[in-house]
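K.L.:
The Zn(2+) 1 binding site annotation in Swiss-Prot covers Cys76, Cys79, His103, Cys106. The Zn(2+) 2 binding site annotation in Swiss-Prot covers Cys93, Cys95, Cys119, Cys122. The feature compositional bias 'Low complexity' is assigned by Swiss-Prot to 47-64. Per Swiss-Prot, phosphoserine is recorded for Ser249. The transmembrane segment annotation in Swiss-Prot covers 153-173, 193-213.
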Amino acid sequence: MSMPLHQISAIPSQDAISARVYRSKTKDKEQNEKTLGHSMSHPSNISKAGSSPPSTTAPVSAFSRTSVTPSNQDICRICHCEGDDESPLITPCHCTGSLHFVHQACLQQWIKSSDTRCCELCKYEFIMETKLKPLRKWEKLQMTASERRKIMCSVTFHVIAITCVVWSLYVLIDRTAEEIKQGQVTGILEWPFWTKLVVVAIGFTGGLLFMYVQCKVYLQLWKRLKAYNRVIYVQNCPETSKKNIFEKSALTEPTLENKEGHGMCHSTTNSSCTEPEDTGAEIINV
């Protein structure tokens with residue numbers, strides 16, 4: 001009995017191919033719509049977050065961070081800059097806190113301009129080593145134009161005044177000497193002689209006082225110029241330097257203890273890890 005044979009075609013029909021293409025296209029469209037929806041929802045959330053009023057907790061936390069965490073970096077109390085290898089910070093006096101450190105160059109400039117040898121706050125006298133520059137390297141004092149003009153006028157007036165006083169004294173002394181000679185001849189000294197003698201004495205005393213005062217002023221200017229043209233090296237205060245060393249050692253001790261603790265933990269963990277390996281090796285040998 002013969003079975004009816006049906007011819008089965010292995011090639012898919014055109015309708016099946018078009019259906020598959022349509023399904024793949026619809027799937028691609030759905031995936032694209034989903035991805036677009038996610039991308040649109042993400043910026044909308046961002047815009048909502050940006051448009052929403054700022055919470056009060058964020059500024060408080062930021063303020064607490066900035067206010068609670070102190071700055072561990074030391075700064076100079078004159079220029080408010082940090083120290084480095086070229087210009088390190090020193091501790092020349094007993095001041096503490098933000099006034100504890102200062103640059104060597106800043107302190108030298110301040111000492112030259114103020115002409116003082118002690119701290120203006122704690123009144124501690126600086127430990128200094130000074131030496132003068134050579135004369136050819138001396139610098140002028142930092143003065144304004146009005147101060148220089150006053151000094152020049154003062155010097156000119158003093159020179160003229162001293163010349164007049166000396167000339168007047170010379171004339172009076174000469175006339176007095178002539179009258180003394182005449183008195184020796186006649187044996188009588190008239191009243192103009194005593195008047196001139198009193199004037200000479202008063203002029204001479206006034207001239208000495210005037211010279212003393214002016215020499216004192218010029219001596220102060222000379223000291224200022226001398227102090228300005230000296231090389232100063234300020235040393236650390238012994239008490240503050242010892243205190244800084246003690247604080248640094250106290251800070252480094254906990255770190256060393258932590259390192260030792262970590263080392264012990266590592267050693268214990270390694271020993272605990274090696275014990276099972278040894279037992280396993282013994283079991284294998286058995």
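Cβ atoms are placed via backbone N, Cα and C, with glycine included.
How about a rundown of where these features are and what they're close to?
P.N.:
Taking Cβ-Cβ distances under 8 Å and a sequence separation of 6 or more, the neighbours of Cys76 (Zn(2+) 1 binding site) in its chain are Glu82, Gly83, Leu89, Phe101, Val102, His103, Cys106. According to its DSSP assignment, Cys76 (Zn(2+) 1 binding site) is coil.
Reduced to three states, the DSSP call for Cys93 (Zn(2+) 2 binding site) is coil.
Within the same chain, residues 196, 199-200, 203-204, 206-207, 210-211, 214, 217 sit at least 6 positions outside the transmembrane segment (153-173) and bring their C-beta atoms closer than 8 Å to a C-beta of that stretch.
For the transmembrane segment (193-213), same-chain residues at least 6 beyond its ends with a Cβ under 8 Å from one of its own Cβ atoms are 161-162, 165-166, 168-169, 172-173, 175-176, 179-180, 183.
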K.L.:
Whole-number Å only: compute the distance from the Cα of Cys119 (Zn(2+) 2 binding site) to the Cα of Cys79 (Zn(2+) 1 binding site).
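P.N.:
Spelling it out, the Cα of Cys119 (Zn(2+) 2 binding site) and the Cα of Cys79 (Zn(2+) 1 binding site) are 16 Å apart.
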K.L.:
Can you check what DSSP calls Cys106 (Zn(2+) 1 binding site), collapsed to helix, strand or coil?
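P.N.:
The three-state answer is helix.
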K.L.:
Between Cys79 (Zn(2+) 1 binding site) and Cys93 (Zn(2+) 2 binding site), what C-alpha distance do you get in Å?
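P.N.:
Counting only the Cα atoms, the answer is 17 Å.
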K.L.:
Please list, in sequence order, the residues in the chain of Cys122 (Zn(2+) 2 binding site) that are at least six apart in sequence and whose C-beta is under 8 Å away from its C-beta.
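P.N.:
Cys122 (Zn(2+) 2 binding site) has long-range Cβ partners Cys93, His94, Cys95.
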